[in-house]
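Participant: One structure, as structure tokens, below. Some questions next.
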Amino acid sequence: MHFFSAIVLTCLASTAVAYPALEQAASSAEFKEYQKQEKRQTLGFDAASQIVSTTGDHAWQAPGANDIRGPCPGLNSMANHGYIPRNGYTSDAQIIAAMQAVFNISPDFGGFLTVLGSAMGGDGLGFSIGGPPSASLLTATGLVGKPQGMSNTHNRFESDQSITRDDLYQTGNDVTLNMNFFQDLLNSSLPKGWYDIDVLGNHAVKRFQYSVANNPYFFKGLNTAFIPEATSALVTYLFANHSAACPAGCLDATNLKSFYSVTGSGSTLKYTPGHERIPDNWYKYPVGYGVANVFADMVTVYSKYSNQAAFGGNTGTVNSFTGLDVANITGGVYNAETLLQGNNLGCFLFNGMEFFMPDLISNGGVIGDVSGVVSSLTGTITSLLAPFNCPKLSGIDKKAFAIYPGWNDGKPRK
């Protein structure tokens, strides 16, 4: 998670630009330069514990006609390798275990993501990684509606400014990979042939600016604001191969394409929805990636936004971005001047989510026991924030959100 002083992306070419050199392995000199520039300390290497199996029970299989796949490359790849059910419907316990087994996402952060995703797109006990599941897959009782899956969680879990997907209210499709956005990401690493946190952070900023310039309903609120920037960090560190040759983790075009279900090179790039794949001979992050990592990486990404407000949205026309006044909506507990200091950013975003949960879950129209799920979520957030000595936030002034037509209190899309 980071930010910027990037060039405004006014438009993307409709035809992918060919950069065949990007597909070639970096030279030894480039590799050493990459390692020198990589700020993250080498965390050690243990082949036996880090290798992720792609054989036997975890051999890649294309999804069947009735299998569900969605917008998240990590979830799709885990389903295609059988780390979560190949049908694309996972229980909370299954996904927490799988995220640790494949990506070494620690149970604290993995548990938070799971509980949040299950509440926003599932039945509170599990969820579809894509669209609505069949009734036979559901396990919860007391539901008042049909879960819509992770593909239908706009402004509740999924957000505008995805690094590879369109904004929902701009094109109506926030699930399928936009090859122009992906090509832009591929091209951005050309000078050194690798992808690091600066490359992904700068790409996130360009996507932010593209959304502002093209989506009149672009919105980036508190409850989803961490998603685009978290994605930048997760792709950088968790899609990288932490091998003996590069224990700090190196992410190249080959591995990036594998996780995003893209094949070919240059002008022959091809995206096949739902065919995401864990690369062979791939070693996961060496230690648990947890909330402390998320907080630190978010500051790295958000700092790239320089003086441009990172929260808020367009007010019904393109290029009408109006930022949220952090001090105003938090009663002065947080402010723009100190938001990137210490753990303030993480505390603000995670703590601020609590005040949106009742409406988001209720307006989802699925879970009957709203108070029970809210209690579970707030308890999880409280536990996560306990080590960070966060300032006490007593509420969020939601009236400030009324000017944003892209904000919908988490109501299902029509």
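Glycine is no exception: its Cβ is also placed from the backbone N, Cα and C atoms.
Under the heading heme binding site, Swiss-Prot lists Cys72, citing similarity to another entry as support. Taken from Swiss-Prot, the feature N-linked glycosylation site applies to Asn187, Asn241, Asn328. The feature signal peptide is assigned by Swiss-Prot to 1-18, with sequence analysis given as support.
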Participant: Using the structure shown, find which entry in Asn187, Asn241 (the glycosylation sites) has the sparsest Cβ neighbourhood within 10 Å.
Facilitator: Asn187
Participant: Under DSSP, is Asn241 (N-linked glycosylation site) helix, strand or coil?
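Facilitator: It is in a strand.
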Participant: In DSSP terms, helix, strand or coil for the residue listed as 'heme binding site'?
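Facilitator: Coil, per DSSP.
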Participant: Report the nearest neighbour of Asn328 (N-linked glycosylation site) in space among the recorded positions Cys72, Asn187, Asn241, comparing Cα positions.
Facilitator: Cys72
Participant: Show which residues of the chain containing Cys72 (heme binding site), separated from it by at least 6 in sequence, have their CB under 8 Å from its CB.
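Facilitator: Correct list: Ile129, Met150.
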Participant: Note down the number of other Cβ atoms within 10 Å of the Cβ of Asn328 (N-linked glycosylation site), including every protein chain shown.
Facilitator: 12
Participant: Whole-number answer please: how many Å between the C-alpha atoms of Asn187 (N-linked glycosylation site) and Asn241 (N-linked glycosylation site)?
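Facilitator: Computed Cα spacing between Asn187 (N-linked glycosylation site) and Asn241 (N-linked glycosylation site) is 20 Å.
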